[in-house]
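Student: This structure is in structure tokens; I'll ask about it shortly.
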């Protein structure tokens, strides 16, 4: 009986929650967004448009990096960027 109550409480606490992740957002072709001139404002706006909490230009790779992206938003994988192909 105690386990049943615990299970109900856990289900109620997790119902409706959406996971968040950090990473490099990508376009349809697995290409990350480039931030020329190290433009943090551009990356922050891009990330927030994708429902992330915030973002910045990661200067080592010159790519936008987002914090708190929804799980449904694709991020950079190990696959190659297929620029120009749909």
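Yeah, the Cβs are placed from backbone N, Cα and C, and that goes for glycine too.
Not my notes, these are from Swiss-Prot:
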{"type": "SIGNAL", "residues": "1-19", "note": "signal peptide"}
{"type": "DOMAIN", "residues": "21-82", "note": "domain 'LCN-type CS-alpha/beta'"}
{"type": "DISULFID", "residues": "31-81", "note": "disulfide bond"}
{"type": "DISULFID", "residues": "35-57", "note": "disulfide bond"}
{"type": "DISULFID", "residues": "43-64", "note": "disulfide bond"}
{"type": "DISULFID", "residues": "47-66", "note": "disulfide bond"}
{"type": "MOD_RES", "residues": "83", "note": "serine amide"}
Student: Could you measure between residue 47 (disulfide bond) and residue 64 (disulfide bond) for me? Cα positions, answer in whole angstrom.
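Tutor: Residue 47 (disulfide bond) to residue 64 (disulfide bond), Cα-Cα distance: 8 Å.
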Student: Return the member of 43, 57, 64, 66 nearest to residue 81 (disulfide bond) in space, with distance defined Cα to Cα and candidates limited to these disulfide-bonded residues.
Tutor: 64
Student: Determine the Cβ neighbour count for residue 47 (disulfide bond): the number of other Cβ atoms within 10 Å of its Cβ.
Tutor: 23
Student: Minimum Cβ neighbour count within 10 Å among the disulfide-bonded residues 43, 57, 81: which residue?
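Tutor: Across 43, 57, 81, these disulfide-bonded residues, the one with fewest Cβ atoms within 10 Å is 81.
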Student: Between residue 64 (disulfide bond) and residue 57 (disulfide bond), how many Å separate their Cα atoms?
Tutor: 5
Student: Filter the recorded positions 31, 66, 83 down to the ones within 10 angstroms of residue 57 (disulfide bond), Cα to Cα, kept in sequence order.
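Tutor: Cα filter at 10 Å returns 66.
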Student: List only the single closest residue to the residue listed as 'serine amide', chosen from the disulfide-bonded residues 31, 35, 66 by CA-CA distance.
Tutor: 31
